[in-house]
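Remarks on the structure that follows.
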Amino acid sequence: MPVEVLEDKVILKDSKGSSAEVYYFGATVTSWKYRGKELLFLSKKSLLDGTKGIRGGIPIIFPQFAKATDSSAETAALPQHGLARISKFEWNGVSVDNESEVSVRFGLNNSQVPENLQKDWPKKFKLIFTVTLNDDTLKTNLSVKNEDTAPFDFNVLLHTYYSVPDISKVSVEGLQNISYIDKVKNFITVVDNDKSVKFTQETDRIYGNVPTEIIKINISDESNEAFLLQRINLKDSVVWNPWIDKAKGMSDFDDDEYKQMVCVEPGHVAEYITLKSEESWEGGQIIQYKH
């Protein structure tokens, strides 16, 4: 059976032995295994009981990314990273099931959001999150519909945590000559002149308007293993590793786990998307594992 529906999550399996797991809480993809090999990072300290956002996998960030600095912003009262990742999605069933791929869908509307968060962002909306597994490829797609009578603004991002054996050997290609906001260095704007991003310290960058079709995440300089990331209608990319001090400051993240993960996160976060009443927006990512 390619899809196993459990009390707290859904497990997808394809005909070649690959699998993925998606929790209803946040519709967070917590595991993607290529024929048994885990490709996503999930902290061993992450809570999976719905009391806190899941630390790892692919959390859905909506309707804001960072905590709004402008107190007049519609999302200003919301917590950092918004409400989707800390709301329980409903199971919308299997949408594709054939020899080549299996695809499942999850939904969230404003009435299913915790009451305190509804008050913080009283907009009527509907999200549909689709996860598609095809052997060495994982696709995640989010659609947003404004069901309110007035327009609203939102950010969106797929906060993907990749599992790596050693962060010091990881490099990210495809961001050369693109300007980024450096959150570590007081939000200064810098142009990336390096052929690839490498990790020797805390890294937290927002690359805006990235034209690159494929971003390549090289898992190690000693092998051909890599992730090829294709973004769909998500113009920005965040690159993050907390490094030593930030790792120690996170209660749901082990002190040394920064060595085992890197986040390359497609999103629309440098500015807001404005969605008119009854209109829809859609975006996502396609990740291929090369080995």
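Cβ atoms are placed via backbone N, Cα and C, with glycine included.
Quick caveat, the model's predicted, so the values are computed rather than measured.
Listed in sequence order, ILE58, PRO59, ILE60, ILE61, HIS81, ARG85, VAL238, CYS263, GLU265 are the same-chain residues at least 6 apart in sequence whose CB falls under 8 Å from the CB of HIS159 (active site). The active site feature in TrEMBL is assigned to HIS159 (among others).
What TrEMBL lists as active site is GLU265 (among others). GLU265 (active site) has a Cβ environment of 24 other Cβ atoms inside 10 Å.
Here TrEMBL flags ARG55, GLN80, ARG85 as substrate binding site. Long-range neighbours of ARG55 (substrate binding site) (same chain, six or more residues apart, CB within less than 8 Å of its CB): LEU42, SER43, LYS45, SER46, LEU47, MET250, ASP252, PHE253.
Around GLN80 (substrate binding site), the same-chain residues at least 6 positions away in sequence with a Cβ under 8 Å from its Cβ are GLN64, PHE65, ALA66, LYS67. Residue environment of ARG85 (substrate binding site) contains 20 other Cβ atoms, counted within 10 Å of its Cβ in all protein chains.
Note: the substrate site is recorded as ARG55, GLN80, ARG85; in the same chain, LYS52, GLY53, ILE54, PRO59, ILE61, HIS81, ILE86, HIS159 also have Cβ atoms within 8 Å of that site's Cβ centroid.
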